[in-house]
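Features as listed in TrEMBL:
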type	residues	note
DOMAIN	49-473	domain 'Major facilitator superfamily (MFS) profile'
REGION	1-20	region 'Disordered'
TRANSMEM	45-62	transmembrane segment
TRANSMEM	86-104	transmembrane segment
TRANSMEM	116-138	transmembrane segment
TRANSMEM	144-164	transmembrane segment
TRANSMEM	176-197	transmembrane segment
TRANSMEM	209-232	transmembrane segment
TRANSMEM	274-292	transmembrane segment
TRANSMEM	312-338	transmembrane segment
TRANSMEM	350-369	transmembrane segment
TRANSMEM	375-394	transmembrane segment
TRANSMEM	415-433	transmembrane segment
TRANSMEM	445-467	transmembrane segment
Amino acid sequence: MEEEEKRSASHCAEMPQSISGLSPEDAEFLATYPVESQRRAIRKVDWRLIPMLLFLYLITYLDKTNIGNAKIEGLLSSLHMKEDQYNIALSIFFIPYILAEVPSNMILEKFKKPSIFMGLIVLSWGVVMTFTGLIQNFSQLCALRFLLGLFEAGFFPGAILLVSKWYMPHETQTRIALLYSSAASGGAFSGLLAFGITKMNGLGGLEGWRWIFIIEGLATVIMGGLCFLLLIDSPVLSHRWLQPDEIRFLELRQAARRVELVKEGGKKRFDKDALLAVLCDWKIYLLVFGSWSNAVPNYAMKFTMPTIVKSMGFTSATAQLLTIPPYACGAISAFVLAMLADKCRWRMPFIVGPQLLLIVAFTILFVKAAEISRNIGLCYFAVCLACTGMYPIFPGVNAWNVANSAGAAKRAISIGYLVCAGNIGGVIGSYIYKDDEAPRYPTGYGNSLAFASAGIVAMLVLEFALWSINKKNAKMTEDEVRQLYSEEDLHKLGDRSPLFKYAL
């Protein structure tokens, strides 16, 4: 309890500028609100927001990657497709998925009830996924993959934006990791689900791979409907399960965080200054390289893991089941390392550490996969190690971005932009595992090694740069800063203000 009280006190001291913008009564309430009451209010939000987002992201993952499970169950032969057409179908998904993420978050910011927007996109891609089970040719597959990417684009950046509205920066990585680890759980569940669904082969005159799309698509439609009813939007709209003092606490701690406070309260128009600030922010591009160290190998393995495991000599059914342990490793590592990062309030070690695991994993696969049938144990261990390293990276990178983006408008755009730019790695990942290179996959494993290495360099450079800037700014007192800059200047500078302390 003593430790929690210290954390609460440090939280109230994090942004003295922002707290000074509150009324004396509000500032006193926030500073004296009991620690146990704070924890109870946050727990209530956890239990009502996170499970819904977690299940929705699980559905997102299943619908995006089940094409890999369908492939080894006969998708290509049924649609008379060649291997390069399969890669094209994978990459087409990412065109709208990348382009729509930033606009989607900008649209979401305008909704008073985000649940309406989120429910609409979930419902839409559920319908698309269901109809994928009825396609007859490659062109139809491409068209539906394009629509799937368009509707799925807004979910994950939107989920991160919702998390950033409900939680403080040092609380975000654990929650984001829970969402992202549901993707790893989805990988495990996807193999098990595909194993069961394909037993329906021949039912209704449809092949087993078609039932994978139909069953999972119908489940998504149901989840889209529940999203309208269960996804929470704001403390004010949550009065049925939050006490008045809890609503006040949750609203005031977010208000205390914002340097803009009153200025950004009624802003609903398109904020071109915030967009320009994101595009010109050097930090975001280093974070993109960090994101690519996860995205390139991760997206590649999402679509290829059943094939890699099958190349070890297992049947399709066994290969589906053997995809479960690697994803379980990823889910556990993402959550455990996120908890440690939030507790330590330090991001870099919990990103670079997993990146080093990727180096080890893909080095093993690069060297030994040529004779994978003779090195089944070692190569399977490397696949598990790769998943252990991949899944903690994305939550860490995004939490680091949220903590160092000042202003709601810039934060919303930067979240979408980082996820968008990071997903370019998915396009690369769609092409690096070539069928004619199996089972060695030198292009796949080699590129994964290269992007992991580049990510390590980028994260170390970012850590040093932020540390150097903080050290330089610490030499100036607040009075000295305010003599050089007006309040309006400091507002425009945002996280570039000498009074802003970067989170490491």
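From the backbone N, Cα and C atoms, a Cβ is placed for every residue, glycine too.
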If I count Cβ-Cβ pairs under 8 A between the transmembrane segment (274-292) and each of 116-138, 375-394, 415-433, which range comes out on top?
415-433
Long-range environment of the transmembrane segment (86-104) - Cβ separation under 8 angstroms, sequence gap at least 6:
64, 67, 71, 75-76, 121, 138, 141-142, 145-150, 152-154, 157-158, 303, 413, 416-417, 419-421, 423-424, 426-427, 430-431
Over the domain 'Major facilitator superfamily (MFS) profile' (49-473), what is the model's mean pLDDT?
87
Dominant neighbour of the transmembrane segment (375-394) in 45-62, 116-138, 209-232, 312-338, 415-433, by Cβ pairs under 8 Å:
312-338
Below 8 angstroms Cβ to Cβ, which residues of this chain, lying six or more residues outside the transmembrane segment (209-232), approach it?
45, 48-49, 52-53, 55-56, 59, 62-63, 66, 69-71, 73-75, 78, 114-116, 118-134, 193-194, 197-198, 200-201, 203, 238
Are there residues at least six beyond either end of the transmembrane segment (45-62) with Cβ under 8 Å to its Cβ atoms? List them, or say none.
118, 122, 125-126, 152, 155-156, 159, 162-163, 166-167, 175, 178-180, 182-183, 185-187, 189-190, 193, 216, 219-220, 223, 226-227, 230-232, 238, 241, 250
